[in-house]
Amino acid sequence: MSIIIRVEDLRAVYLVREGTIKAADGISLDILENSVTAIVGESASGKSTIIEAMTKTLPPNGRILSGRVLYKGKDLLTMREEELRKIRWKEIALVPQAAQQSLNPTMKVIEHFKDTVEAHGVRWSHSELIEKASEKLRMVRLNPEAVLNSYPLQLSGGMKQRVLIALALLLDPVVLILDEPTSALDVLTQAHIIQLLKELKKMLKITLIFVTHDIAVAAELADKVAVIYGGNLVEYNSTFQIFKNPLHPYTRGLINSIMAVNADMSKVKPIPGDPPSLLNPPSGCRFHPRCEYAMEICKKEKPKWIRLDGEAHVACHLYEEGRPLK
């Protein structure tokens, strides 16, 4: 598979009263065409910042300090807004986090579709809009006749999430980015959304990128996994290899903390300690205060991003020292 998006040394921060939050600190990542890539990490690890920076949709206090995001050889970060508007939704679409808050409660669903079309300079007649919107709603297993004239408050959380996905698909993008698509949903609805995304991927042959704090969701849906910790990318590999042979101590900790329905509680091992403050992150490797394998060098120097066999990449001093995780 060829590379459809290349992220190079992406650094993004938030300016707050207390100081500067270093939310994405030197992220480099290749997204392969027609792949499903999960960006996984704990809450407040910088996952959402990465995709917001990639799409230049950071909030007003967000700043991109450096880096490149290459799409078809062009850097999205240096494009003017009018250039970006030609790409957003038509080629790269973003489904925001929190379906409950992402739809305007005073507007019917059909009005959201109309606004999306107008915002991106597409000229459709009313009948064309209804036809296209209905087609996308059916794709996400919603009844257009029932949904188009409904207000968001008349829809369940799962229905709102599917409406957002339908809106994102309206202009037939080739890349679909989803921020926590299963958060704030009950377990059954989560399963339905995951299955829906699998079907859409197969049907439309698009590239999916999604953010999640739940590595079990990544196991269900993704074929590539990028693991984020404290604003740093610490591991990237195929999903199969991530679960078969996790390279980074943090990745292993995430996997060991998964609790199955029939889990032996004595074998479930939560990661000790708390995630770092990105206002004042630890020196060296940001995971070292919680890592059972930490060495003196981990406290002083940030580990290099190393490519190992095949697709495997890891940022860990164990591999620089020739002492891989066992």
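The chain as shown is numbered from 1 upward.
Cβ coordinates come from backbone N, Cα and C, glycine included.
Here's what Swiss-Prot has on this protein:
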DOMAIN    5-255  domain 'ABC transporter'
BINDING   A44, S45, G46, K47, S48, T49, N61, Q97  ATP binding site
BINDING   C285, C291, C298, C316  [4Fe-4S] cluster binding site
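Sorted by the number of other CB atoms within 10 A, the binding-site residues T49, N61 start with N61, the lowest. A distance of 21 Å separates the Cα atom of S48 (ATP binding site) from that of C285 ([4Fe-4S] cluster binding site). Between the alpha carbons (Cα) of A44 (ATP binding site) and C285 ([4Fe-4S] cluster binding site) lies a span of roughly 17 Å. Annotation: S45 carries the greatest number of neighbouring Cβ atoms among the binding-site residues S45, S48, Q97 [cut-off 10 Å, Cβ to Cβ]. Cβ contacts within 10 Å of C285 ([4Fe-4S] cluster binding site), excluding its own Cβ and spanning all protein chains shown: 27. Nearest Cα neighbour of N61 (ATP binding site) among the listed binding-site residues (C285, C291, C298, C316): C285.
All protein chains considered, the CB of C316 ([4Fe-4S] cluster binding site) has 26 other CB atoms within 10 Å. S45 (ATP binding site) is 17 Å away from C316 ([4Fe-4S] cluster binding site) when you measure Cα to Cα. Rounded to a whole value, the Cα-Cα separation of C285 ([4Fe-4S] cluster binding site) and T49 (ATP binding site) is 20 Å.
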